[in-house]
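J.: Quick paste of what Swiss-Prot says about this protein:
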ACT_SITE  254  active site, proton acceptor
ACT_SITE  288  active site, nucleophile
BINDING   180, 232, 233, 234, 235, 236, 391  NAD(+) binding site
MOD_RES   2  N-acetylserine
MOD_RES   30  N6-succinyllysine
MOD_RES   30  N6-acetyllysine
MOD_RES   59  N6-succinyllysine
MOD_RES   298  N6-acetyllysine
């Protein structure tokens with residue numbers, strides 16, 4: 001399949017093991033191909049009746065799934081992972097068409113997706129409580145039990161991967177899931193739903209409900225939704241938290257960031273430059289944990305900046321389905337204009353643009369209406385500038401200089417966000433000392449933006465709470481029951 005040829009021809013809701021049109025609507029949305037600006041779908045946003053049907057369907061599947069053994073759930077997840085591997089290129093192409101990231105990156109996203117399913121398949125078969133001996137031969141034990149119907153709300157930057165990150169632990173624990181993709185990227189979650197069905201999951205175990213804010217509200221406030229896991233912006237996360245609070249629902253929030261990347265003078269310069277590029281330009285800079293505040297020790301600032309600019313200018317921008325493309329378009333026209341606005345604001349506030357920050361028109365005429373820009377490096381930045389304080393969510397790196405470790409730690413932590421942070425240094429004591437002081441949920445030492453499924457991922461402060469990936473996520477998709485067993489006579493005060 002080539003850029004500019006795909007059009008959605010099937011329903012985008014998935015309920016009861018099949019694609020369906022919603023029985024009612026709360027408006028419509030359009031989905032676009034970012035590379036060309038071409039509309040690929042107009043779809044109905046699910047109304048309250050459709051949400052109710054999806055929840056009832058998921059409840060029925062939950063009754064079946066929650067009674068299966070961990071080994072039986074493991075087998076379904078492993079089969080789903082196998083199918084994802086088998087359909088790797090197909091899924092990656094769909095992701096690239098609807099999201100705009102390069103096919104090179106999209107394939108890596110698919111790989112981390114099947115790895116996630118395999119990891120939680122292993123945990124599904126090993127979930128257990130504990131036995132506690134009590135006086136007189138009595139004892140207690142704990143059971144880790146599923147919550148019920150869980151709601152996953154995805155973001156548009158990693159549509160398929162996020163659907164896997166949320167559904168794999170939920171299903172491993174014995175839950176059912178309803179997944180609402182971002183209306184910007186409605187396509188690839190349907191592929192995952194079909195894969196779960198083909199792998200042997202009960203019909204309704206993973207339903208996909210399309211829609212915007214109104215659909216999300218129907219889902220969050222539904223009495224039979226037991227848990228909400230959301231990836232997205234801080235303002236939307238606050239609204240979801242308010243809605244979930246009214247139903248006393250547990251939630252996981254993975255929100256925005258303005259992460260610091262600290263480059264000490266004793267670093268391996270080659271690796272530090274690579275790390276800075278990874279921290280800023282993956283998925284066109286549209287990554288919540290990006291290290292967009294790059295603090296460079298003064299002794300190496302000039303050399304580091306020169307090399308970062310040189311390598312940034314070499315990044316191949318263009319058709320995201322071509323193998324040599326490393327940067328595709330941003331998600332849509334309003335977001336492109338927003339990011340370009342941050343660059344204009346930075347210049348007005350005194351920052352210097354060393355490269356990029358401009359709209360880009362690829363040579364291929366079919367891409368002329370795509371949402372492209374050149375990756376941008378800003379220098380002469382100060383901590384009070386808008387480009388340094390606010391999440392841009394685009395390919396814009398702000399370089400700042402520092403002199404001492406104590407100084408940079410204070411500045412790095414001076415933010416309401418706390419999703420990630422990074423440090424490059426050859427001093428292993430300093431590396432661990434700095435990581436301990438950084439106020440962030442994930443700290444990278446001598447690397448950046450790696451996400452092994454074995455490691456928990458989540459934020460501090462306004463970047464959210466709860467975790468995705470790692471063994472600990474089982475605790476966020478289950479509840480603990482304590483059983484107390486008396487082996488003797490009851491001693492009573494009455």
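Just so you know, glycine gets a Cβ as well, placed from its N, Cα and C.
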J.: Work through the recorded positions one by one (234, 288) and point out the residue whose CB has the fewest other CB atoms within 10 angstroms.
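T.: Among the recorded positions 234, 288, the lowest count of other Cβ atoms within 10 Å belongs to 234.
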J.: Among 180, 232, 233, 234, 235, 236, 391, the annotated NAD(+) contacts, find the widest CA pair distance and round it to a whole Å.
T.: 24
J.: Pick from 30, 59, 180, 298: which of these recorded positions has the biggest number of other Cβ atoms within 10 Å of its Cβ?
T.: 180
J.: List which of the recorded positions 30, 180, 234, 298, 391 have their Cα within 10 Å of the Cα of residue 288 (active site, nucleophile), in sequence order.
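T.: Those close enough are 391.
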J.: So of all those binding-site residues, 232, 234, 235, 391, which one's Cα sits nearest to residue 2 (N-acetylserine)?
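T.: Looking at Cα distances from residue 2 (N-acetylserine), the smallest one goes to 232.
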J.: Given the recorded positions 254, 391, and counting only Cβ atoms in the protein chains shown, which has the most within 10 Å of its Cβ?
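T.: Comparing the recorded positions 254, 391, the most crowded Cβ belongs to 254.
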J.: What does the structure give for the C-alpha distance between residue 234 (NAD(+) binding site) and residue 298 (N6-acetyllysine)? Integer Å is fine.
T.: 33
J.: Within 10 Å of the Cβ of residue 233 (NAD(+) binding site), how many other Cβ atoms can be counted across all chains shown?
T.: 15
J.: What is the separation, in Å, between the Cα atoms of residue 232 (NAD(+) binding site) and residue 254 (active site, proton acceptor)?
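T.: Distance (Cα to Cα, whole Å): 7 Å.
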J.: Can you tell me how far the Cα of residue 180 (NAD(+) binding site) sits from the Cα of residue 59 (N6-succinyllysine), in Å?
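T.: The Cα atom of residue 180 (NAD(+) binding site) is 17 Å away from the Cα atom of residue 59 (N6-succinyllysine).
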J.: Based on Cα distances to residue 30 (N6-succinyllysine), point out the closest of the recorded positions 59, 235, 236.
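T.: Nearest by Cα distance to residue 30 (N6-succinyllysine): 236.
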J.: Between residue 236 (NAD(+) binding site) and the residue listed as 'active site, proton acceptor', how many Å separate their Cα atoms?
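T.: So the alpha carbons of residue 236 (NAD(+) binding site) and the residue listed as 'active site, proton acceptor' sit roughly 11 Å from each other.
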J.: Residue 391 (NAD(+) binding site): which of the recorded positions 59, 254, 298 is the nearest Cα neighbour?
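T.: Comparing Cα positions, the candidate nearest residue 391 (NAD(+) binding site) turns out to be 254.
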